[in-house]
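Report on the following structure.
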Number of protein chains: 2
Amino acid sequence: MSVEVARLCKESLSHAMVGTEEANLQHGRDFYKYFFTNYPDLRVYFKGAEKFTAEDVQKSERFEKQGQRILLAVHVLAESYANQEVFKAYVRETINRHRIYKMDPALWLAFFTVFKGYLETKTKLDDATTKAWDEMAKVFNAEAQVHLKNSGLPHV
Amino acid sequence: MSVEVARLCKESLSHAMVGTEEANLQHGRDFYKYFFTNYPDLRVYFKGAEKFTAEDVQKSERFEKQGQRILLAVHVLAESYANQEVFKAYVRETINRHRIYKMDPALWLAFFTVFKGYLETKTKLDDATTKAWDEMAKVFNAEAQVHLKNSGLPHV
């Protein structure tokens, strides 16, 4: 099961590849342009960028780098998904690194809705691929909430 | 080529799995016990632990966590290796995160010698597997040094 989910997610992610070339950097910027345009309330988590427009993101060195970081994280999730213990360890590490941002714990699941929306701007997601992302999101969120709880942090 | 290298590295890493259970936590501690015992000079990079013995590592909550982090990073390298652009992006991200430690750039390649030595304490590495790790180390180091150079940092 997890092998097929991983395969479908990886295939769709091949349309938003990380890298040092301009086209790859743009894939990263495009995530934040999509994110901030469609979910402006969530800009509150990006100190100093609470009012950023898509145009601001486009010109921002910070979001060029941040774009690569977020894309890489999602690629790593897909690459590791077939090895569930590694995947879950990466989820926990991701949670640990976000501790300082005091995020609403409901956002961990919501992220995947945002990401699917972004990915739809890069490629068509067929039914099986959408379901694969939903499955990964569910497994991610389950591990995230358990780890938040075990870490004494707010969880849902 | 990279698929077979990934397969061999992943197989050997299955003997040093990450996780929340005691056996997994011990795999992580064991890395630092091996590291500090065999390369005591490199403890200088671990502020506050410059004189740590294997016994100190064993009792340390910091190195329980650090052990999981290092094992996870190596698992992610192996999981992503068949997708070279993702692998190289993870290398660059790893370099970025270590910038603050001002490491000798020669240590990026040397790390894999340490890691293979550790892994030998967990499982027998046959010739093909040793060569697979050497190949991954070479590709890792090539990307690491280019990225250090592009970042205006010391490189070899």
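Here the Cβ of each residue, glycine as well, is placed from N, Cα and C on the backbone.
Per TrEMBL, these features apply:
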| type | residues | note |
| --- | --- | --- |
| BINDING | B:His98 | heme binding site |
| DOMAIN | B:1-149 | domain 'Globin' |
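A C-beta separation below 8 Å, combined with a sequence spacing of at least six in one chain, links B:His98 (heme binding site) to none of the other residues. In this model, the domain 'Globin' (B:1-149) carries an average pLDDT of 97.
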